[in-house]
Amino acid sequence: MVIKMSLTNKVPEKDVHDLFTRVAPHYDQMNNLISLGTQNGWRKKFFKKLKVKAGDFALDLCCGTGDLTIALAKQVGPSGNVIGLDFNQKMLDLADKKIRGQNLQKEIQLKQGDAMHLPYTDQSFDIVTIGFGLRNVPDADQVLKEIYRVLKPDGKVGILETSQPTNPIIKLGWESYFKLFPNFAKLLGANVDDYKYLSHTTAKFISATRLKEMLEQDGFKNVIITKLNLGAGAIHIGIKKKMR
């Protein structure tokens with residue numbers, strides 16, 4: 001069965017860009033709320049599953065304020081290199097401040113760009129990651145195809161994203177939580193409507209199983225899923241196998 005996920009996010013791309021410019025100062029707090037305060041633990045599990053090697057050349061898509069990018073740079077070490085790509089300059093400015101604060105300017109390069117149309121040649125990277133970004137792009141399938149294109153043979157993709165719990169009781173609690181989520185905007189001094197959008201894309205994103213099927217459809221092999229917080233989040237790891 002073909003899993004089509006074009007127009008994942010039907011909000012016009014310019015509107016999404018403007019929204020992230022507005023929420024940038026509160027983005028880290030927002031991610032903490034979305035992950036129920038466990039995003040740091042999620043990242044640790046993510047890298048444990050991804051098994052990055054020292055010296056890898058890595059690309060972090062939708063890098064936002066740079067937390068995953070910085071963690072990735074520490075994994076590849078000084079012999080490796082990381083590019084963090086995001087479509088929003090305000091987010092990149094915040095990422096740059098963090099990177100300079102940790103003296104990682106040599107290891108990390110930031111780039112403003114479109115995850116659906118990557119400005120890189122085929123088979124460029126050992127690792128491509130995307131954290132909390134796939135649900136916000138207009139066409140997630142196109143992003144997965146681009147990831148596959150720029151990965152080297154035997155390269156790995158790692159996706160850290162919110163998901164949908166399958167247990168009915170947990171699912172009900174998850175949905176109830178996100179109905180309250182926009183109210184947190186007031187505590188952060190942010191726009192309530194922006195947080196309604198963020199809660200909607202989080203609550204309505206596809207299941208971990210469907211995302212696995214999409215990855216396999218686009219050519220990735222040995223795709224594994226690790227569920228987080230009883231299914232509220234998920235890690236997907238896949239490999240671009242060498243042609244035999």
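Glycine is treated like the rest: Cβ placed from N, Cα and C.
Per Swiss-Prot, the candidate among ASP56, ASP86, ASP122, ASP126 that belongs to the S-adenosyl-L-methionine site alongside THR65, ASP114, ALA115 is ASP86. Annotation note: ASP114 (S-adenosyl-L-methionine binding site) sits in a strand segment as assigned by DSSP. The binding-site residues examined here are ASP86, ASP114; by Cβ neighbour count within 10 Å, the least packed of them is ASP114.
Comment: S-adenosyl-L-methionine site residues THR65, ASP86, ASP114, ALA115; largest CA to CA distance 16 Å, whole number. All chains included, 24 other C-beta atoms sit within 10 angstroms of the C-beta of THR65 (S-adenosyl-L-methionine binding site).
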